[in-house]
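Visitor: Relevant sequence annotations retrieved from TrEMBL are reproduced here:
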- 122-194: domain 'Cation-transporting P-type ATPase N-terminal' (DOMAIN)
- 177-196: transmembrane segment (TRANSMEM)
- 202-221: transmembrane segment (TRANSMEM)
- 359-381: transmembrane segment (TRANSMEM)
- 401-430: transmembrane segment (TRANSMEM)
- 823-845: transmembrane segment (TRANSMEM)
- 890-912: transmembrane segment (TRANSMEM)
- 927-943: transmembrane segment (TRANSMEM)
- 963-984: transmembrane segment (TRANSMEM)
- 996-1017: transmembrane segment (TRANSMEM)
Amino acid sequence: MEGGGRSWSIESYLNEYFDIPAKNPPGEARLRWRRAVGLIVRNHRRRFGRFSGLDPIDDAQRRKILGKVQVVINVHKAALQFIDGVKQYHLSPELIEEGFCISPDELAAVTGLRKDYTMLRMHGGIKGISRKIKASLEDGAKETDIATRQKLYGTNKHADKPPRSFWMFVWDALHDLTLIILVVCALVSLAVGLATEGWPKGIYDGFGIILSILLVVLVTATSDYQQSRKFIELDREKQKVYIRVTRDKKTKEVLVHDLVVGDILHLSIGDVVPADGLFISGYCLVIDESSLSGESEPINVSEDRPFLHAGSKVVDGTAKMLVTAVGTRTEWGKIMGSLNGDGVDETPLQVKLNGVATIIGQIGLVFAVLTFLVLLVRFLVDKGMHVGLLNWSANDALTIVNYFAIAVTIIVVAVPEGLPLAVTLSLAFAMKKLMHDKALVRHLAACETMGSASCICTDKTGTLTTNHMIVDKIWIGDVFQPVNGGKNISELKRAMTERVMAILIQGIFVNTGSEVVEGDDGKKTFLGSATETALLEFGLSLEEHLYDDYRKLARVSVEPFNSVKKKMSVTIQLPNGGLRTFCKGASEIILEQCNTSLNSDGNTVPLSEMEKHNILNIINSLASEALRTLCIAFKDMNELVNDQTISDDGYTLIALFGIKDPVRPGVKDAVMTCMAAGITVRMVTGDNINTAKAIAKECGILTEEGIAIEGQQLHDKSQDELKEILPKIQVIARSLPMDKYKLVTSLKSMYQEVVAVTGDGTNDAPALCESDIGLAMGNAGTEVAKESADVIIMDDNFETIVNVARWGRAVYLNIQKFVQFQLTVNIVALIVNFVSACIIGSAPLTAVQLLWVNMIMDTLGALALATEPPNDEMMKRSPVRRGDSFITRIMWRNILGQGLYQLLVLGTLMFVGKRLLNIEGPDSDRTINTLIFNSFVFCQVFNEINCREMEKINVFQGIFENWIFVGILTATVMFQVIIVEFLGTFANTVQLSWELWLFSVIIGSISMIISVILKCIPVEFKKTNTKPHGYELISEGPEIL
């Protein structure tokens, strides 16, 4: 059909009104699809209740408005305080009894957003505050006081909305407009029936409809309630954040909810501050408070500006803070408590299925109206010809009510409320399974989008490798020595002089982001990154007894490691006077800063260009063995003026380390799985290019046709140059976070790739946000990276990422299967009732029967088909590309083929069934209608099995592994037997002979033969051999068995 120069199709309609981006959908797009749905919604509460409200403002505007509101609140507070005078805080008897000298409210006011320096000084500064809360600034709170502190000063939890009860979901299900109309029809039927036919015969029709409605409501509410419980469990899992604190002189990791007032909290780059507190000590601490104040400019926190607030983010530096307010007593907690959990953003698939449901609903509404009008006109004509239109009885009214009930029930069947809700069910099921498989899905849309991923840009360390690092080789003082994780330590010690050993050990122990802590069981553990831990373990194996002494040296300046500088440094005060700066980091960068080196005797000697070249050769040699290379250097100074930055030259090279990080078992197979699935894997790492290439080859990522480049080279490429080589890039080494961002944006804009990207650092946040699916590392990732991500990989394993892709594909295919099944039922039910009404003057499927059919295809069908687990065949087809049709030609072939078969069979039974099957007697009409109903249900039962595979002939493969599917099919058949054999009075059925039961089952089972024939009919055109951007195409689906 042409309209306005454009042809109309279902897909074009869906793309125009029901297409939204997976991430951060604009309010305009969300409003557009809701308007397009219009009135074709049976239950607004159930359809839209889970989604967040429409809000046209974006996140930046929201933060800005929130900031302004906060400023107004603070000004108001200040004005009230000025008018009323200083507020008097009183100590409760419990606080006095336990020895605390400050109330929770007063303590929270000290560190509130007003940053009251006067109040802080009044309490004696941070030392005075620590005394009043019985906490040591060095040792933290006592372990025995934790429960008391939680009782008196509160827990670090926000006020959560109570979970919705089962009966609230029942109440939601009862808001279905069509069910409400059917209840009214049933009540009218009861009243008329009792008046005309008396008790109990007069109640059967009306009571049958009411029972069916109650069953539908209970099944619907149970399904929604179970989904709700799964999402609550997932939300709890999301809140499991571990932080590092000092308690009772011990540094340990605890859950953020277990944080108490008096704890010493350790902060580092990428952390989200979980409570209000005061700065104790630290270096270069820069905080982003935009989420609280709306101000985008980061602030420096120091002893002069000691206030730290929950919800702010650590942009740079490290620090220790004294926790003074937790939970709802923090400003962030008050804001979070005032915000209502208003649902989640809808996913693209949910919106698209809302569009499909709207189209079907519009068609169904037309059929329902036509069916009612045809039945009514035929009834009036028949009445006018026989008894006259002026002669009315209660039975006549009952007949019209039944006609109206049938029409309304057709709408119930035709408006598939379960279609968009099936996506939520499938996503909830997938998210629960993924949680058990170490993947925490933070945003619903990411799960389905991951199924369309065509490219994964992955980190190396911890994702492709085990992240269990050991120092394998070392070059020091012109000596190149294998260490093998500490097994050859004695040989290394003999090769080094005492001075070389002293400087090396000092550099390792003072310039580290890792630390050794002793647990309650006396066992020592390491806290920190794997690289830092490897060096610290190596240092302890050399001179463990010096660790505590060197850690006590006064630190004058600290520059923590970040992914841009690729180095870290520390300046210490030497015991005999003077300063010494240690610097370690990427080997080429540190080597470039050195102009001298330590020789084997511990003397400083000039480092010539030739010697630098030789060291570079050693670096490349280590890198080619897949070892991570790291250099450590030092320089001595007389003094460091305040705020003076340390120059990046004049260093003396101490040592070069080769650190081993083995490839994870199974990674190569996972990469091969991705390639077979049409997913390109690219490795993005900060390591040396030779190390990166060696690891990439071992993982199967770098092929003969692939290119490995450095981040700087990528950055320097023009758009045209980048477009030419981008498809061949498989490895990016020495990359900066913005190189990863450029890669992601280029792949999306130039080749319309669906890009998944991993990240663990604060600076990875832009790439994680820009990608289609952001994957943060659960172990190595910072809290800022996790907040920016869509999925958190809890075990940092690449195989888990592939598993997310597998489940994403399962979600998409399961929904396609369900749509195929539901559309078949819709088409047949609508046409059978309409044609029968037009020709015979009655509908073979009654309201009760249609409600049962609706439950089979809606809630039960969704449970059966939308919860199919993934299989290996899913990863042998190419990903769904942007703009691909959701309802494919294969689906239409199966829908129309099965629908035509069912219409032919049911039509034959309707018109000549009594004669063909020799059904006679007073109940012949009810018998043939029961047979039609029974055959129709069994057609759906067997077609449900057919829909397990849209292309493969073998639909039974793995069927018994999905107990939900088998259970629902069994329950459907059992309840069908009960309805026909025992509930005939209410369902308007009669008992069938075993021959007719066998006939119904055979009619249904023939649909499986029809399915085999249909699957042999080719409907997909062959694709071209190559993609536009040079990738090799793989087959579009699994081979037909």
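First residue shown is number 1, and so on along the chain.
Cβ atoms are placed via backbone N, Cα and C, with glycine included.
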Visitor: Quick one: do the transmembrane segment (927-943) and the transmembrane segment (823-845) have at least 3 Cβ pairs under 8 Å, skipping pairs fewer than 6 apart in sequence?
Guide: yes
Visitor: Using DSSP, tally how many residues of the domain 'Cation-transporting P-type ATPase N-terminal' (122-194) sit in helix, strand and coil.
Guide: 46 helix, 3 strand, 24 coil
Visitor: What same-chain residues lie close to the transmembrane segment (823-845): Cβ under 8 Å, and 6 or more beyond its ends?
Guide: 360, 363-364, 367, 370-371, 374-375, 378-379, 382, 406, 410, 413-414, 416, 853, 856-857, 861, 887, 891, 894-895, 898-899, 902-903, 906-907, 910-911, 928-929, 932-933, 936, 939-940, 943
Visitor: For the transmembrane segment (890-912), what are the same-chain contacts with Cβ under 8 Å, counting residues 6+ beyond its ends?
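Guide: For the transmembrane segment (890-912), the nonlocal Cβ contacts are 816, 819-820, 823-824, 827-828, 831-832, 835-836, 839-840, 844, 928, 931-932, 935-936, 939, 943, 946-947, 950-951, 1003, 1006-1007, 1010-1011, 1013-1015, 1017, 1019-1020.
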Visitor: Could you pull out which residues elsewhere in the chain have a CB under 8 Å from any CB of the transmembrane segment (996-1017), counting only those six or more residues past its ends?
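Guide: Hits for the transmembrane segment (996-1017): 893-894, 897-898, 901-902, 905, 917, 927, 931, 934-935, 937-943, 945-946, 951-953, 955, 1040.
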